[in-house]
Amino acid sequence: MATQLEIFVRALSRLLGWIYTFCWSASFYPQPINNFRRRSTTGLAIDFPTINVLGFVCYTIYTSAFLYSPVIRHQYAARHPLAEDPTVRFNDFAFALHAVVLSFITYTQFWPFIWGFKVSRHQKVSKPVAGLFWGSIVGVTIVIFIVLGQSPNNGYDPYSWAWIDVIYALSYVKLVITIVKYVPQAWVNYKRKSTYGWSIGQILFDLSGGVLSLAQLLLDSSFQDDWSGVTGNPIKFLLSNVTIFFDLIFVVQHYILYRDAEDDSGKDRNPSDRTPLLSVSDGQPGRSQICKLDGGQSKKTQRLLDLATPLFGTRSMLTATLFPGLPACNPPVPGPRHLEILATKARRQGSWAQRLKSIWR
């Protein structure tokens with residue numbers, strides 16, 4: 001008969017499992033929603049959703065096999081006699097299946113003919129990620145052939161090459177993908193010196209899920225007094241640690257390094273593709289010219305224009321009040337990209353007056 005402590009620990013384990021499942025599942029929503037609102041994928045590295053789809057397909061197969069395959073469960077019990085029950089839970093499988101669907105939706109947002117989103121022509125899958133994608137598939141296929149060729153009974157002997165080794169191969173693919181998939185996004189943020197267009201919400205959910213997943217695994221293994229629950233489920237243990245490590249990097253980028261960074265989506269395109277921040281008609285229909293600001297004041301003036309327009313109602317009133325001598329702009333007209341930046345800032349800024357004072361000191 002189960003003791004009260006055992007009942008409590010099992011209940012706590014399941015509670016942790018469902019909470020981290022919720023956090024990790026919720027982490028897949030902020031980015032596609034952000035893309036949908038902006039009608040653009042700028043700021044998101046395409047390598048991330050591309051490789052994510054394969055990773056979570058592998059993880060779905062892995063979790064479903066440990067939950068529902070009698071062969072895999074028998075082979076696991078034979079190799080881990082002190083902890084015959086795998087530490088994979090139904091919430092792991094539910095999370096993996098949900099992640100496949102959401103990752104694929106995010107990936108399809110890079111297809112303009114489906115969503116009509118703005119996608120930079122430079123947003124292409126990198127060669128290293130493409131190599132990892134196809135190399136992973138080839139690697140798992142090789143393991144399958146080894147099991148069929150080396151096992152004395154076609155993979156059913158748990159003490160030789162067995163089908164559980166194929167499942168472990170899928171888990172290692174997922175682990176490698178998890179390590180690699182964060183690198184392109186961190187690199188894109190570093191190159192742009194900005195996290196604009198990339199949602200920090202997914203990282204906060206992801207970080208919470210990683211901590212809780214690790215806590216559940218350690219709780220289960222310590223209660224069974226057998227740490228083979230960790231070694232027998234290496235993907236879950238390592239995934240949590242890798243996730244926490246990279247999430248902390250993203251938190252530092254967003255809240256410390258590039259906290260005040262503005263939209264720089266133009267950096268992802270060639271100069272000829274960029275929309276000028278300020279333009280003014282030259283008197284001929286359909287033509288405009290860049291509003292060239294004066295030397296060292298240019299950047300500061302543009303930032304003031306970004307932040308101060310709502311205080312004065314219109315751009316012309318702002319210019320007439322603060323910058324009566326602004327050259328070649330009568331009045332300056334913001335371009336489409338500038339309006340997008342302004343709308344974002346309007347949602348984020350708490351006090352316009354204090355922000356203006358801090359910039360114009």
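The backbone N, Cα and C atoms fix where each Cβ goes, and this holds for glycine too.
Listed features, source TrEMBL:
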- 12-30: transmembrane segment (TRANSMEM)
- 51-73: transmembrane segment (TRANSMEM)
- 93-117: transmembrane segment (TRANSMEM)
- 129-149: transmembrane segment (TRANSMEM)
- 161-183: transmembrane segment (TRANSMEM)
- 195-218: transmembrane segment (TRANSMEM)
- 238-258: transmembrane segment (TRANSMEM)
- 262-295: region 'Disordered' (REGION)
- 262-272: compositional bias 'Basic and acidic residues' (COMPBIAS)
Counting only pairs at least 6 apart in sequence, do the transmembrane segment (238-258) and the transmembrane segment (161-183) share 3+ Cβ pairs under 8 Å?
yes
Counting a contact as 3 or more Cβ pairs under 8 Å, with residues at least 6 apart in sequence, do the transmembrane segment (12-30) and the transmembrane segment (161-183) touch?
no
Taking a Cβ cut-off under 8 Å, which residues six or more beyond the ends of the transmembrane segment (51-73) line up next to it in the same chain?
86, 88-90, 92-93, 96-97, 99-100, 103-104, 106-107, 129, 132-133, 136-137, 140, 156, 163-164, 167, 170-171, 173-174, 177-178, 180-181, 235
